[in-house]
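Copied over from TrEMBL, here are the features:
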BINDING   CYS57, CYS60, HIS61  heme c 1 binding site
BINDING   CYS203, CYS206, HIS207  heme c 2 binding site
BINDING   CYS335, CYS338, HIS339  heme c 3 binding site
DOMAIN    43-146  domain 'Cytochrome c'
DOMAIN    188-296  domain 'Cytochrome c'
DOMAIN    322-409  domain 'Cytochrome c'
Amino acid sequence: MVRRLFKGLLALVVIGVVGIFVLAWRPALDPIDPVAAAQFPADLIAKGEVLAGAGNCLSCHTAGAGKLYAGGVGFDSGFGKIFSTNITPDPDTGIGRWSEAAFARAMHEGVMRDGSQMFPAFPYDHFTKVRDEDIHALYAFLMTRQAVAAAAIPNQLPFPLSVRALQAGWKLLFFSKGVYQPDASKSEEWNRGAYLAEGLGHCASCHTPRNSLGAEKSGAAYAGAAIEGWFAPALSAANTSPMPWTADELFVYLRSGATALHGTAAGSMSEVVHDSLAKLGDNDVHAIATYFADINNSAARVGSADQSLVKAMNLAHRDVRDDSADGASLYVAACASCHYNGGTTPLAVRPELALNSAISGPDPANLIHVILEGISKKDGMPVVFMPGFANTFDDAEVATLAAYLRRTRSDQPEWKDLPQTVAKIRKHGS
């Protein structure tokens, strides 16, 4: 009886494995001869450059000071490290022998030219929404970049997660193929913003929490998520910033990297602003801002914005002598000379910290990173920078300062385990 049960279970396992491999099978597409760059019209290449900016292709496929688009950037997936690949037209190590059909299949379905399944670290679950004419332009742009010989770095995934065929099962559960469909109830600008954000922009990849299998959680779109040691804040109504993220505020932030009512871009978001969205025209950036202003329901908060500003500035005017000596003295030593705003309105360049989204957010990681590492001239606005205090404050002092700012510059609950979080970020950067 036991032997028959065992054989039955083994048969089911074998059938399941065979089924996954059958489901995963996709034909290889024939390689092409390298295409001369002159075959692509200049205006098509220019359009593709803008779209590559919208997709943040440069940041994800360029490792540090490496060759542009040659890959090699490592991403911690939560299951192991996955490295981006070479998307230059090199015929041997890049996409130089990929036909446009092969490129489109990779973007829309997550399948390599040779038929193997792609890991969803490449956000094909968003790229599937991109229209064919934009795929065409993006292909033209990438196929006219300088070819770089750069072999793919092997991914660091444990077995069986390293088996690409298993991604077919992931797709069956979480992937919905299909080009973006406009919402007829919304404006043309809103739909343009949604198309860019949900498709090439793949904003939800960072700003939506993921489940245990690495898929974006349904019902939690743009609710904010921890990612690579930082916290991508909520872009929905769950955002806890004291001031509303209106379309105008979002536009200024996405265009310049900073806003007096919210703070400065840092970490990977500074790359998005300065390397990616910088390629887009004002109309496209404003369309994205319009979309997210609607998503976060900023219109409902605009009426109380003045009161929120007064509340934030009143928090800023607390007498530091009423607070714990350690936290207050650290604030005076490190922050007050630049960030204390004595008036009723925030300064444009170094605004009051009571307005800073990093202090009002649910996770202290962003604030800790900034205290330790500062803000470089390439992060926010080019003329503004902040020194880091990693060599000035120890972990306990950074934790004390962060707790002080949270307590005196927001009405949000205290953060837990700050010393341990500071130590982890200082050691690993995550």
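Just so you know, glycine gets a Cβ as well, placed from its N, Cα and C.
Overlay of TrEMBL annotations on the structure.
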residue : record                : DSSP class
CYS57   : heme c 1 binding site : helix
CYS203  : heme c 2 binding site : coil
CYS335  : heme c 3 binding site : coil
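Just so you know, of the binding-site residues CYS57, CYS60, CYS203, CYS335, CYS338, the Cβ with the fewest other Cβ atoms around it within 10 Å is the one at CYS338. Neighbour list (HIS339 (heme c 3 binding site), Cβ cut-off 8 Å, at least 6 residues apart, same chain): ARG350, PRO351, GLU352, LEU353. Shown in sequence order, ALA225, ILE227, ALA232, SER268 are the residues of the chain, 6+ apart in sequence, with a C-beta less than 8 angstroms from the C-beta of CYS206 (heme c 2 binding site). Its own atom aside, the Cβ of HIS61 (heme c 1 binding site) has 24 Cβ atoms within 10 angstroms in the protein chains shown. A separation of roughly 13 Å, to the nearest angstrom, links the Cα atoms of CYS203 (heme c 2 binding site) and CYS57 (heme c 1 binding site). Residues of the domain 'Cytochrome c' (322-409) grouped by DSSP class, helix first, strand second and coil last, total 46 helix, 2 strand, 40 coil. Across all of the domain 'Cytochrome c' (188-296), the predicted model scores a mean pLDDT of 95. In the structure as shown, the Cβ atom of HIS207 (heme c 2 binding site) sits within 10 Å of 23 other Cβ atoms.
A distance of 37 Å separates the Cα atom of CYS338 (heme c 3 binding site) from that of HIS61 (heme c 1 binding site). Across the domain 'Cytochrome c' (43-146), DSSP assigns 41 helix, 10 strand, 53 coil. Summary of the heme c 1 site environment: with the site residues CYS57, CYS60, HIS61 set aside, the chain residues having Cβ atoms within 8 Å of the Cβ mean position are ALA52, GLY55, ASN56, LEU58, SER59, THR62, TYR69, GLY71, VAL73, SER84, ILE87.
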